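Asks: Mind having a look at this structure? Questions to follow.
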Amino acid sequence: MTAAPDHTPTMSRAGLAERLGPYIPVLLIPAIMAFGLIFIPSMSSWLTLTVSGLAMGMMIFIMASGMTLVFGLMDVINFGHGVFISVGAFVGISILLVLGHMTEAPSLALNLAAILAAVLAAMAATGVLGWAFERVIVKPVYGAHLKQILVTMGGLIVVEQLIIVLWGPEEIYILRPEALRGAITFAGAAMEKYRLLAVGIGAVLFLVMRYTLRRTKIGLIVRAGVENGEMVEALGYRLRLVFVGVFIAGSALAGLGGVMWGLYQEVITAHMGQQIMILIFIVVIIGGLGSVEGCFIGALLVGLLQNYIAFLEPKLALISNIGLMVAILMWRPQGMIPVVKAK
Amino acid sequence: MIVKLLSGDTPRSPVLAVILLAILVALAFAPFLFPGVRSVDTAARICIFIVLVASYDLMLGYGGIVSFAHTMFFGMGAYGVALASTHMGRGFDAVAVGALSGALLAAAIAFLIGLFSLRVRAIFFAMITLAVASAVAVLVSQLSGLTGGEDGLSFQTPRALTPAFRFGDELFGVRLNGRLLAYYLIFGVSLILFLLMLRVVNSPFGRVLQAIRENDFRAEAIGYRVVGYRVTVTCLSAFIAALAGALYAIWLRYVGPDTVLSFDIMVDILLMVVIGGMGTMYGAVIGAALLVLAQNYLQALMGMAAGAVAGLPVLPELMNADRWLLWLGVLFVLSIYFFPTGIVGRLRQRRQGRAAQGR
């Protein structure tokens, strides 16, 4: 018997670029921050801009996450998503105006309680509206993209006009609660308290969402549904119910985002949802339709880039987002983190 | 002869034929049949919107592509004429240069957007056009040095098209002035563009587009380059929309973000296409005529309704003349559900149903 020939197997190591590939989208965020650091002359203004960019990105993420999940799960493209933002903002801000004594008080606890009440009311209202919207507008047109786009756009117009009927056509101005006005100074940079709060809320929400999607059973069903809906149904899960749930949750999140955006801008109009929708579309496209992580990264990129460019060259800020989108689509035509569909 | 002029695509329904003929006659003799500044203005708007809506239908009804940038293309033509007339002085050469350069720019931008989005997924196109159109609208109102910003631009059209130009006395009680010429210029160009589009959709190219709309995967399998066809129809549609915008600018002698770029016009176009009937050029005619008339006269009607229910809660607010968009939106959603083929589709269907029964 001859001995087996000597043989030492070696794994061929993937090249650096190949190993880095999946992380490039994540790495883009520090890359953009570094870009800002190089071009923005003073450290303190860079810090201020970064915080406001992150705040803006987090708010956009909150509003966009529902839409991207709804698309991933059921292939439903909801052009009326923006209306939940407007409705959320109007309901929330109305509550805040009613609770004027609480928002005017200098105590942080009372202020936060008022905001919490407003947010809960807004989320409840937009959740119910989302349920109705799904029932009346979206359900009859499953599977037909063209009709979905047209019908949801029609729904957007109708609800927007109803807001004007109920609240009047004028814009509503609102002041932030007492304890959240002004800024704190850190390392010479002024950072608005409200923006820090927005960053905090956004980060917590992202982590909660990620946890839900990755670690819980319902998250497992949702992720499986995104990948292969028919299979999940064949295994006995009622994907329709899951979808309605996700739609409602997404609408409620849009309502939350609406309240936060309203307090950020300190003015709300019935058309605000439609205006933000444009940013949301850009974020959802560059993130990869259906991907929550991609949406998060895309939102932060858009927020940071817009703030940096607005500081460096205000006229360019208008088209910076479009430029970002074009660049990313040239690099990855399906978006940064394309959703794999098993078909 | 007539069949040939219509590229073999006859109305195929007697009711439809009568309605179309009535619209054609009314538009052709509008200044004589309905004298008065307001009604001629309405007729001119109908002509222009027929072209605009038909060009949109080329994309939506035949190509199966949803675009929200059609007003942007429309505005490019309008601003092209306005800028050329301001900088080159009044004259037909300025109008021609402006209209052509606006239309070419529109086609070029449509080409770029199409290449970026249609390559991947047709729905990307809807989102990207929405984003680009809003960016352009903001840009136009910001670059006030060039475009006049929110105030827009007033400019002079060639002298032969102004009310001051007289070429005769009166004919059937209508003054023969440049305004009449301007109307017939718009009517003539609109008619030619419309017949041209009818020709396009009934050509082999149009057939392939319809095949792609019905089943793009299959069309690709048969061997047609789906992306190429889609991009081509997008460019063509943008080009014609820009020409319609140029006509609008000639008629109004003014351009501004609200009149040629606002999202409301986009909503109007969508309504006209859907109500008239997607995928038929004649739908554009009926939709545009109906909606423009409704817009001009519906608001007065709603004002009356609001007066009738005054005193009741909420209802007067719902009937407020400013809220007509609400009712149009409801109509829009309902018509997508219940009349996806629009008025023209319904009329043709009825005829076919009857023919089937008679057999």
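Quick reminder: no glycine exception, Cβ is built from N, Cα and C everywhere.
Sharing the features that TrEMBL gives for it:
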- B:15-34: transmembrane segment (TRANSMEM)
- B:46-74: transmembrane segment (TRANSMEM)
- B:94-116: transmembrane segment (TRANSMEM)
- B:123-143: transmembrane segment (TRANSMEM)
- B:181-201: transmembrane segment (TRANSMEM)
- B:222-249: transmembrane segment (TRANSMEM)
- B:269-293: transmembrane segment (TRANSMEM)
- B:300-318: transmembrane segment (TRANSMEM)
- B:324-344: transmembrane segment (TRANSMEM)
Asks: The transmembrane segment (B:181-201) vs the transmembrane segment (B:269-293): three or more C-beta pairs under 8 Å (separation of 6 or more)?
Replies: yes
Asks: What residues in the same chain, six or more past the boundaries of the transmembrane segment (B:324-344), come closer than 8 Å to it by Cβ-Cβ distance?
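Replies: Residues 16, 264, 267, 270-271, 273-280, 282-283, 286-287, 290, 295, 298-299, 302, 318.
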Asks: What same-chain residues lie close to the transmembrane segment (B:123-143): Cβ under 8 Å, and 6 or more beyond its ends?
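Replies: Long-range Cβ neighbours of the transmembrane segment (B:123-143): 65-69, 71-72, 75, 79, 109, 113-114, 116-117, 149-150, 234, 257, 261-263, 266.
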Asks: As a test: from B:15-34, B:46-74, B:94-116, B:222-249, pick the stretch that has the greatest number of Cβ pairs under 8 Å with the transmembrane segment (B:269-293).
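Replies: The listed stretch sharing the most Cβ pairs with the transmembrane segment (B:269-293) is B:46-74.
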Asks: Hey, which bits of the same chain come close to the transmembrane segment (B:46-74), Cβ under 8 Å, at least six residues off its ends?
Replies: 23, 27, 106, 109-110, 113, 118, 122-123, 125-126, 129-130, 132-133, 136-137, 186-187, 190-191, 193-194, 197, 200-201, 206, 209-210, 212-213, 216, 229-230, 233-234, 236-245, 247-248, 251, 260-263, 265-266, 268-270, 272-273, 276-281, 283-285, 287-289, 291-293
